[in-house]
Amino acid sequence: MTDAVTEDLWTAPTAPAPVDAVVTVPGSKSATNRALVLAALAAQPGYVRRPLRSRDSLLMAEGLRRMGIGVEDELNSSTGVPGGGDAWRVLPAPLAGPATVDVGNAGTVMRFLPPVAALADGPVHFDGDPRSHERPLHGVIDALRALGARLEDEGRGALPLTVHGTGGLVGGTVTLDASSSSQFVSALLLSGARFQQGVEVRHVGDPVPSLPHIRMTVEMLRAAGAQVDAPEDGGEPDVWRVAPGALLGRDLVVEPDLSNAAPFLAAALVTGGTVVVPDWPERTSQPGDQLRDLLTRMGGEAQLTDEGLRFTGSGRVLGIDADLHEVGELTPVIAALAALADGPSTLSGIAHLRLHETDRLAALAREINGLGGDVTETEDGLRIDPRPLHGGVFATYDDHRLATAAAVIGLVVPGVEVENIATTAKTLPDFPTLWADMLGKG
Ligand SMILES: O=C(O)C1=C[C@@H](OP(=O)(O)O)[C@@H](O)[C@H](O)C1
Ligand SMILES: C=C(OP(=O)(O)O)C(=O)O
């Protein structure tokens, strides 16, 4: 990990009183980017309504455009359908190269688009932020080769990468190790219906993380008309199958990003206040839904009501022992809460976070300890012993979730200076305004 940059600081506001706010959280990154890919591969035009418009989803939309797909803004339509005023209309077209795609540091873009590029007629070159070169991609690269594609990388199983599309892919059965990222599996399944033989993905290795995200892939594929076999429906463990066939263009409304609700719910917990998140789905594959359970175990009370999720804190934060293997992206905010808790916490099952936007385990330990905390890395997670914290600079390593975690600590620890708060735009546009509004400081 390189040394923290200490310019561009945002002083995290302290909470003047228990928060009492309704926070409308923008659309789910994971659902928006899946919806875009599925709509691009469909046989008819479709709509993605209430999409997340953030760095990761704008990169996905642009990547698809580069390969010939129409992704058009519909900002002012008054269609009378939910989210009708804000939509992307997606116009499928023959996928074409030559093209270059910037993946930024979006796992969904760097993993979901190479299989799409294998269907393009011509070469598609992928590159991104320096960190994107370090994030695992071997599962997708090796699998695409095994399924009949020609790819050129630098021999490291990572970006930069060129996929030499030939207009179609044979497909079939492939074995891979997805223990470093569930996105390898999702990537192959999302395009699999368009492979001549469909796709059968067999995972061999340590357990796959983030399984709810694979369930999201399966559910969205089925909603688009694909025939999918998955382990949770009585299929073979660690085997997923997508039959070849056309995908339907859909009119789809994106759910709010429940993982991005984490810092706001955490604010209710640490200040003993209440936050309501409208449109919280009753049933969802989003891993963020597990916040209801996790934050209840940490001392709050969650209630699904007609107005959305109502979450109330008592002001007391309890330590927690939690296996976050399925919900790794919730770790930074949970770790921030654990640092403010009454007792120790152990977060496990999250070794793969070392290869996320940054090495999240090292970064959380280093930055919370820099404020006086006592966080130690374990083999597969973090041990957090609460200590009185003080202000200071909190580096974020271009990681949106490090920045929102720091904001949570700053609610009750004066003088937390968050470096590069703008990095939250990866998945949460204008976080500082949403945060100030929640605190009544907007
Ligand atoms: O498929 C997805 O949308 C995601 C899967 C998860 O990735 P990993 O399985 O790599 O952890 C998650 O952490 C990421 O934020 C989004
Ligand atoms: C791991 C994350 O993102 P990505 O989609 O880039 O993997 C995340 O958002 O926490």
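We number each residue from 1, going along the chain as drawn.
Cβ coordinates come from backbone N, Cα and C, glycine included.
Bear in mind that the values here come from a model prediction, so they are computed numbers and not experimental data.
Annotation source TrEMBL lists domain 'Enolpyruvate transferase' at 14-432. What TrEMBL lists as 3-phosphoshikimate binding site is LYS29, SER30, ARG34, SER181, SER182, GLN183, SER210, GLU329, HIS356. As annotated by TrEMBL, phosphoenolpyruvate binding site applies to LYS29, GLY107, ARG135, GLN183, ARG360, ARG401, LYS426. Taken from TrEMBL, the feature active site, proton acceptor covers GLU329.
Non-local contacts of LYS426 (phosphoenolpyruvate binding site) by the CB criterion (under 8 A, 6+ apart in sequence, same chain) comprise SER54, ARG55, ASP56, GLY104, ASN105, ALA106, GLU357, HIS400. Here HIS356 (3-phosphoshikimate binding site) is positioned 7 angstrom away from ARG135 (phosphoenolpyruvate binding site), judged by their C-alpha atoms. A sphere of 10 angstroms centred on the C-beta of SER182 (3-phosphoshikimate binding site) encloses 26 other C-beta atoms.
Closeness to ligand 2 is met by none of the binding-site residues ARG34, ARG135, SER182, SER210, ARG360, no Cβ falling under 6 Å from the molecule. Sequence-distant neighbours of the residue listed as 'active site, proton acceptor' (same chain, 6+ residues apart, CB-CB distance under 8 A): SER210, SER259, PRO287, GLY288, HIS356, ARG401. In the vicinity of ligand 1, defined as a Cβ distance under 6 Å, the following of the recorded positions GLN183, SER210, GLU329, ARG401 are placed: GLN183, SER210, GLU329. Less than 8 angstroms from the CB of GLY107 (phosphoenolpyruvate binding site) sit ARG135, SER181, GLN183, HIS356, each of them six or more residues away in the same chain. Each of the binding-site residues HIS356, ARG401 was ranked by the number of other C-beta atoms within 10 Å, and first place falls to ARG401. Its Cβ placed at the centre, ARG34 (3-phosphoshikimate binding site) has 27 other Cβ atoms within 10 Å. The distance from the Cα of ARG34 (3-phosphoshikimate binding site) to the Cα of ARG360 (phosphoenolpyruvate binding site) comes to 24 Å. Of all the binding-site residues listed here (LYS29, ARG135, ARG360), the one with the fewest other CB atoms within 10 A of its own CB is ARG135.
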